Amino acid sequence: MKFTKMHGCGNDYVYVNCFVEQVADAPYLSRVVSDRHFGIGSDGLILIKPSEKADFTMDMYNADGSNSQMCGNGIRCVAKYVYDYGLTDKKNITVESGGSVKYLDLNVTDGKVTEVTVNMGTPITKPGLIPVISDKKQVIAEPLLIDGNTYEITCVSMGNPHAVVFVEDTKAVEIEKIGPLFEHNEIFPERTNTEFIHVIDRKTIDMRVWERGSGETLACGTGACASVYACILNGYTEDTVTVRLLGGELKIQYDREKHTIFMTGPAVTVFDGELNVN
Ligand SMILES: N[C@H](CCC[C@H](N)C(=O)O)C(=O)O
């Protein structure tokens, strides 16, 4: 089976063109290819498929095989793949993910996509829709006890769940220890992605992330969007913010009039390969 290894700010996935390839058990395949010793090595698997309501469908799986509704770094790489590999010649495309259609603008240099702007849609803060168990109308700076320490969480969905925590120093976060404790906390019926944010100034934040189903990744596009909206809800930043991640930078813009978030960032192809799928 042919695949392409790509990344957005170091958040790397194995991409399979399902217009050509057949994938019988995607959760199993994601676990296999994601293993960084016995497989290809990635944060998960992304299948590119036809769609009845958009130009393409993105079907995304975390390293543990769990399916997610949306992947920000992944959808930028899907855009790069379909343009660079000739599945489209359009520079404005639509991609369906988790049932919702996203609009993407492709920045092409020398015939290849280098950067993509994605309309990531409306941030969701209603607890029942994130989902997070809470009797509040919004979970903004609410206390949560993790490993004997009380953290303040702000919860936002970008189609997938995020708990945003503000810290003084992201390097000091013991992410391997507390990340899983947030991910599997009982208040998150579908688990959660958790972002640890240090606000540098009103236009810049520093972010680390423990992803649902993949552990710490070098970047998280939906997490960056959720984090910027959490900053705005808490009054920490303006509406346009540069998010500094371990693997690179994303530009996030909140459009107040449209109540919509836009993400701009890179997409990189690393290599093409062939996998022996027995
Ligand atoms: N782990 C996430 C999916 C990948 C999101 C992330 N890689 C991004 O770029 O948005 C979840 O289960 O909701």
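The first residue you see is number 1, and the count goes up from there.
Cβ from N, Cα, C; glycine included.
Nobody curates TrEMBL annotations by hand; they come from automatic prediction.
In the three-state DSSP scheme, CYS71 (active site, proton donor) falls into the coil class. Around CYS71 (active site, proton donor), the same-chain residues six or more apart in sequence whose CB sits under 8 Å from its CB are TYR13, GLY44, ILE46, MET58, MET60, SER97, ASN160, GLY221, THR222, listed in sequence order. Sequence annotations record features per position, and here TrEMBL assigns active site, proton donor to CYS71.
What TrEMBL lists as active site, proton acceptor is CYS220. Secondary structure at CYS220 (active site, proton acceptor), as computed by DSSP, is coil. Every protein chain shown contributes to the tally, and the Cβ of CYS220 (active site, proton acceptor) ends up with 35 other Cβ atoms within 10 Å.
For GLY72 (substrate binding site), the number of other Cβ atoms no farther than 10 Å from its own Cβ, over all displayed protein chains, is 30. Under the heading substrate binding site, TrEMBL lists ASN11, ASN62, GLY72, ASN73, ASN160, ASN193, GLU211, ARG212, GLY221, THR222.
Note on the binding-site residues ASN11, ASN160: the fewest other CB atoms within 10 A surround the CB of ASN160. Other than the site residues ASN11, ASN62, GLY72, ASN73, ASN160, ASN193, GLU211, ARG212, GLY221, THR222, same-chain residues with C-beta atoms no more than 8 angstroms from the centre of those residues' C-beta atoms, the substrate site, are SER68, MET70, CYS71, GLY74, VAL209, SER214, THR217, CYS220, GLY223. Residues listed for substrate, ASN11, ASN62, GLY72, ASN73, ASN160, ASN193, GLU211, ARG212, GLY221, THR222, cover a largest CA to CA span of 16 Å. Packing around GLU211 (substrate binding site) is summarised by its Cβ count: 29 other Cβ atoms lie within 10 angstroms of its Cβ, all protein chains included.
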